[in-house]
């Protein structure tokens, strides 16, 4: 395990990127090299900036090719059967998570792991470009099945990237700056989403050519991110644990029994799924109660973009101080948004701007949950355990996502607003449970 004591992160003469690095993270943090290999310290400015660039591109691509928004619109535009729209999020989320336990050992067997992220990002970009082609050339169920098939490949590639980047980032970005890297990327993506959302409002947001352009743009961003990430300077890592994937998978599951802190983190993360499940039912509530203007794709992108633009730097900075407190605060904010919407509906306050405001707050909170849990996991793990922690937690969460999809069967009894209230309550419970997480010691 690398020495975690503060060390100098290189000299100005060796790193021409240092001035930008110091401007983004502060001169004091720029002088500290914490929890990375000694040889990586002189490359911190370069690697930090590459992470910001690559993550900005992929996070913007996430907005342009969102399974929750854009792909649903595309399926409708090509005349695919309605039930296919309900498959996008389960496929996108679960297949990006479930296989990770089995690919972690494969990734672990290679001393340099950045190429897994590069390859995975390139595959995701190719899938988005292919989806644009499908949208323009095919119709009906044929187009729908083709889009879902490409989404399966996209999601599996994303799972490989998720395991790889946690490990690479842990070796190449100082502990006190990891949250800032993701935060700046979220803000950049949020700003891009604002511009894209505004263009969607002006163009109507449902024209097939506009939707295909979004997918092509997403593909280009992922391909560009792959090129950028190849420039990361990564030190060779240990390859212990890179044996048979199946045997390694079951061995790694033993972490839940032997590591109490990791077990508590997985439980907390599972409860925070409420913030993701609440979003679609908030949109359904807005539609059912007369907030029809809010259903426009451009308006949704504007709300999510604004949330990421404003929340990214704040959550990123706070995560570097205490990712545990970020989780607690974000859960309470998400719960307040859900309870507030439920109350507004039953009081009779049904203005579309009000629904947009609640969706913005929920998206802001969900951004904090994602950033907080990612930073907590990276900081909690060592260089030796980081890939295993990531794979085990993501695989279990993927299974829970599949199971959690069945909760939508309660909607006929609870109603859309009742579902929002239920998931909002879950977010509050998650915040309470997060209090039990120990702080990560410097």
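Note that Cβ sites are derived from N, Cα and C of the backbone, with glycine treated the same way.
Heads up, TrEMBL stuff is auto-annotated, nobody curated it.
These numbers come from a predicted model, not from an experiment.
In TrEMBL, the feature transmembrane segment is placed on 266-285, out of the ranges 246-265, 266-285.
In TrEMBL, the transmembrane segment annotation falls on 353-371 of the listed ranges 353-371, 372-390. Per-stretch counts of Cβ pairs under 8 Å to the transmembrane segment (208-232) identify 115-137 as the leading one among 115-137, 266-285, 297-315, 353-371. When the stretches 70-91, 115-137, 181-202, 297-315, 327-347 are ranked by Cβ pairs under 8 Å to the transmembrane segment (266-285), first place goes to 327-347.
For the transmembrane segment (115-137), the neighbouring stretch richest in Cβ pairs under 8 Å, chosen from 70-91, 143-161, 297-315, 353-371, 391-410, is 143-161.
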